[in-house]
């Protein structure tokens, strides 16, 4: 680990923190059904950054696989036609929303760049040290740098939310009280499931990050993103189940068609990779 420049982790943390700020500013003005579609632009960002920074050259079948996965996830994530109705359609065509769409697309470039840089760190460690770098070490350094930059960007976040800077300590204190399960001082609202649900979210997020980094280390950033894209239809499926704190939704045929398209994209991408490997 001493042979890896620590400045890379600072840059990674800055990218991930900036992505959160930009996404917060853009997503607040867009319908939720549009966000999973926009999120898949990260696949294209990663293919581009991988080619520029790591020198990889995706084949035509691999590019087709990325496109199919993006289309499948977008289709599976959209609500049924009856529920999509007039609420989502106008939001997609209103000119004032175009800048927020562009902001979200740009925001996904920064975590995509950070993932490619992490893949480069794993490759460099393998070359210099002759072995794989520990995933927990990379996750700890990256998360620490991200937390530092998120704290540094708190004044900007409060400005985006329309809050005065002097109210920031009170907002953080009030948020901590609610997450701990205590009633809010204003209104007396209580977060259901706190502090169990917030703690479960943190643990699940850490486990997900470690799993994703392990996949990046073993297969590469683009392949890992394609595999993790399968989680998006699963998350949509969760909204169809009678789970607490989630509004149950009906799934239409577009969900199942999108899942089939997504799996076809994964097969297309990995089939070409396997064929190329066996031919060497």
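Counting starts with 1 at the first residue shown.
Backbone N, Cα and C define each Cβ position, glycine as well.
Automatic prediction, not curation, is the source of TrEMBL annotations.
Same-chain residues lying 6+ beyond the ends of the transmembrane segment (9-28) with a Cβ under 8 Å from its Cβ atoms: 35, 100-104, 106-111, 113-114, 117-118, 138, 141-150, 152-153, 156-157, 160. Feature annotation from TrEMBL assigns transmembrane segment to 9-28 (among others).
Feature annotation from TrEMBL assigns transmembrane segment to 34-54 (among others). Same-chain residues lying 6 or more positions outside the transmembrane segment (34-54) and placing a CB less than 8 Å from one of its CB atoms are 27, 63, 66, 69-70, 73-74, 77-78, 88, 91-92, 101, 104-105, 108-109, 111-113, 115-117, 119-120, 123, 220-222, 225-226, 229, 232, 236.
According to TrEMBL, the transmembrane segment annotation covers 66-92 (among others).
Sequence-distant neighbours of the transmembrane segment (98-117) (same chain, 6+ residues past either end, Cβ-Cβ under 8 Å): 8, 11-12, 15-16, 18-19, 22-23, 25-27, 29-30, 34-35, 38-39, 41-42, 45-46, 49-50, 53-54, 142, 216, 221, 224-225. Taken from TrEMBL, the feature transmembrane segment covers 98-117 (among others).
Within the chain carrying the transmembrane segment (137-160), a Cβ under 8 angstroms from the stretch's Cβ atoms is held by residues 1, 6, 9-10, 12-14, 16-18, 20-21, 24-25, 114, 118, 121-122, 167-168, 171, 206, 209-210, 213, all 6 or more beyond its ends. Look at TrEMBL and you will find 137-160 (among others) tagged as transmembrane segment.
Within the same chain, residues 115, 118-119, 122, 135-136, 138-139, 143, 179, 223-224, 227-228, 245 sit at least 6 positions outside the transmembrane segment (196-216) and bring their C-beta atoms closer than 8 Å to a C-beta of that stretch. Among the features that TrEMBL reports, transmembrane segment is placed at 196-216 (among others).
What TrEMBL lists as transmembrane segment is 223-243 (among others). Sequence-distant neighbours of the transmembrane segment (223-243) (same chain, 6+ residues past either end, Cβ-Cβ under 8 Å): 36, 39-40, 42-43, 46, 65-66, 69-70, 72-73, 76-77, 115, 212, 215-216, 249-251, 255, 258-259, 262-263, 265-266, 269-270, 273.
Under the heading transmembrane segment, TrEMBL lists 255-271 (among others). Among residues of the same chain six or more beyond the transmembrane segment (255-271), those with a C-beta under 8 A of the stretch's C-beta atoms are 61-62, 64-78, 80, 223, 226-227, 229-230, 233, 236-237.
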